[in-house]
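Visitor: Sending over a structure as structure tokens; questions will come in a sec.
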Amino acid sequence: MVDIKFLIGSFWHLLALGFGSGLSKKAPGTLGSLIAFPLYGLISPLSIEIQLGFVVTLFFLGIHASDITSRRLKLKDPSCIVIDEIVAMMLILIFIEPDAVSFVIAFILFRFFDIKKPFPISWIEKKFTGGLGIMLDDIAAAVPCLIIMQLFYIANHAV
């Protein structure tokens, strides 16, 4: 059972469960995605290189945390593991315009692609297993979101 005791029983569980956000009974992935916003707020004043370094480090830590936690729970991709949503959403936030409208649109797009998992996201989810698979499908869901956000940016800034 995933509860507060499980959460605080291991640093890796704490990380995989998004510091507790994965314990939400309703929409833990959505809540995990929202956790990315204050985390991004903490690193946003830093250079893009440091921001990317932070997210890449969190990605690799997330692979390990997701692997340990999913094995302990004996589940392939438990919904309580939300570090994947956090990392993917933070990656998106680094590359979009820092305004409320962009944040809302990107959040909705990311949740759509993460939930619906159109090809190739669904293929990645099936092809890769363990912590890597858990993390990669959300990074893959970030890609079409970023492409659409870039197209919005170009359309709004065309001369």
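Note: Cβ is positioned from N, Cα and C throughout, glycine not excepted.
Pasting the relevant annotations from TrEMBL:
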DOMAIN    15-152  domain 'YutG/PgpA'
TRANSMEM  42-65  transmembrane segment
TRANSMEM  86-113  transmembrane segment
TRANSMEM  133-155  transmembrane segment
Visitor: Determine how many residues of the domain 'YutG/PgpA' (15-152) DSSP places in helix, in strand and in coil.
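Guide: Counts, helix then strand then coil: 110 helix, 0 strand, 28 coil.
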Visitor: With Cβ-Cβ distances below 8 Å as the criterion, list the same-chain residues six or more beyond the ends of the transmembrane segment (133-155) that contact it, or say none.
Guide: 59, 62-63, 66-67, 70, 76-77, 81, 83-85, 87-89, 91-92, 95-97, 102, 105-106, 109-110, 113-114, 117-118, 120-121, 124-125, 127
Visitor: For the domain 'YutG/PgpA' (15-152), report the average pLDDT of the model, please.
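Guide: Average per-residue pLDDT within the domain 'YutG/PgpA' (15-152): 97.
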